[in-house]
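Undergrad: Have a look at this one.
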Amino acid sequence: MSSSASNLLVFAATLITITAPSQLCSAHPVVQDVTSQNQARSSSISGLSCTSSPLGMASGAIPDSSLTASGSYDSSYLPSKARLNSTGWWICPNEKPEGQWIQVDLGQYTAITGVIVEGHSTHHILTFAVNSSNTGESNDWQKLTDRGQTVQLNGHNGNSQPVNVTFPVVLMARFLRILPLTWSYSTYYYLRFEVLGCRVTSGMIRLVGGDDKWSGQVEIYRHHAWGAVCDSSWDMKDATTVCHQLGFIEALEAKTGLSSRESDRPIVMNRVACTGTERRLADCPFVCTGSQQCSSSTVAGVVCKPRPGKKYSALFSFHDMSFTSDFVS
Ligand SMILES: [Ca+2]
């Protein structure tokens, strides 16, 4: 066989084995994210490619049936009235302000970055905590913590205007619960709010397990689960696309030979072949590990270069989003 014919065969074989970017290995078995695993990982998540925006309290995209509370003042002040920018309020049961909560079911696994809370000028929440859950079951709620400490958030700024609260840690959950801790008036308080974050969709990426906010193993979300990337043929061009997708300036290092932090993480991309100009890692050619296994179980990572002067959240960074919260480190 002539060398040109041989090259043609190699080319044809490559066309067959390289997956169309949008497919993302649909035939490959996936491991569902469950709350305990998410929580275990959340302390080391350092990047996620999403832009935070209102999730539907004010717009009505979150239906009334998704809003529940531990109790209400009366039938005029139900949790479904707690929508920011509306004329209604949720009011806690009279003379029982302690231990109350209001919760929202976002309908799917969601990255939750914060809330906007508003209270009545004289009857408002001063501080609150938040819990999250993937199932909403009573034994499946996790407190929002930062470096091991329960986070207490400030719900009032002294002028009755809505307060934009950015969480120090991005929560990955379906359910969010707001738990008032202190309030301005002794027997009850008013509240309306919005939830901020982004829907987690196929092709999103994040960095996990890094030493700082701009490095770590690369994980990509597809079919309702996070998967790792095989390190074979992982190079600076691949790392460049990853860092750009996460909103960083450029890649400083393409890391290989990393041991997957989670034995249950499927490796879903192999032989990634980015040019460095793609908008998303998912747009790069690659081989599904289902059709061709990694030669080893080691996975790919990156070290990105942060933007000078830009503050990144304690554990997460977001594309096109600047942080001005007190919690920014
Ligand atoms: Ca490559």
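Glycine is no exception: its Cβ is also placed from the backbone N, Cα and C atoms.
Heads up, here are the entries from TrEMBL:
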{"type": "DISULFID", "residues": "CYS230-CYS294", "note": "disulfide bond"}
{"type": "DISULFID", "residues": "CYS243-CYS304", "note": "disulfide bond"}
{"type": "DISULFID", "residues": "CYS274-CYS284", "note": "disulfide bond"}
{"type": "DOMAIN", "residues": "50-198", "note": "domain 'F5/8 type C'"}
{"type": "DOMAIN", "residues": "205-305", "note": "domain 'SRCR'"}
{"type": "SIGNAL", "residues": "1-27", "note": "signal peptide"}
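Describe the structural context of each listed feature in the structure shown, including burial, neighbouring residues and relevant distances.
TA: Within 10 Å of the C-beta atom of CYS294 (disulfide bond) sit 18 other C-beta atoms, taking all shown protein chains into account.
Counted within 10 Å of its Cβ, the other Cβ atoms near CYS304 (disulfide bond) come to 29, all protein chains included.
Residue density at CYS274 (disulfide bond): 22 other Cβ atoms are found within 10 A of its Cβ, drawing on all protein chains shown.
Each residue in the domain 'F5/8 type C' (50-198) has a pLDDT score, and their mean in this model is 93.
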Undergrad: Specify the count of other C-beta atoms within 10 Å of the C-beta of CYS230 (disulfide bond).
TA: 26
Undergrad: Reported in the order helix, strand, coil, what are the DSSP residue counts of the domain 'SRCR' (205-305)?
TA: 13 helix, 42 strand, 46 coil
Undergrad: Provide the three-state DSSP residue tally for the domain 'F5/8 type C' (50-198): helix first, then strand, then coil.
TA: 6 helix, 72 strand, 71 coil
Undergrad: Of the disulfide-bonded residues listed here (CYS230, CYS274, CYS284), which is spatially closest to CYS304 (disulfide bond) when Cα positions are compared?
TA: CYS274
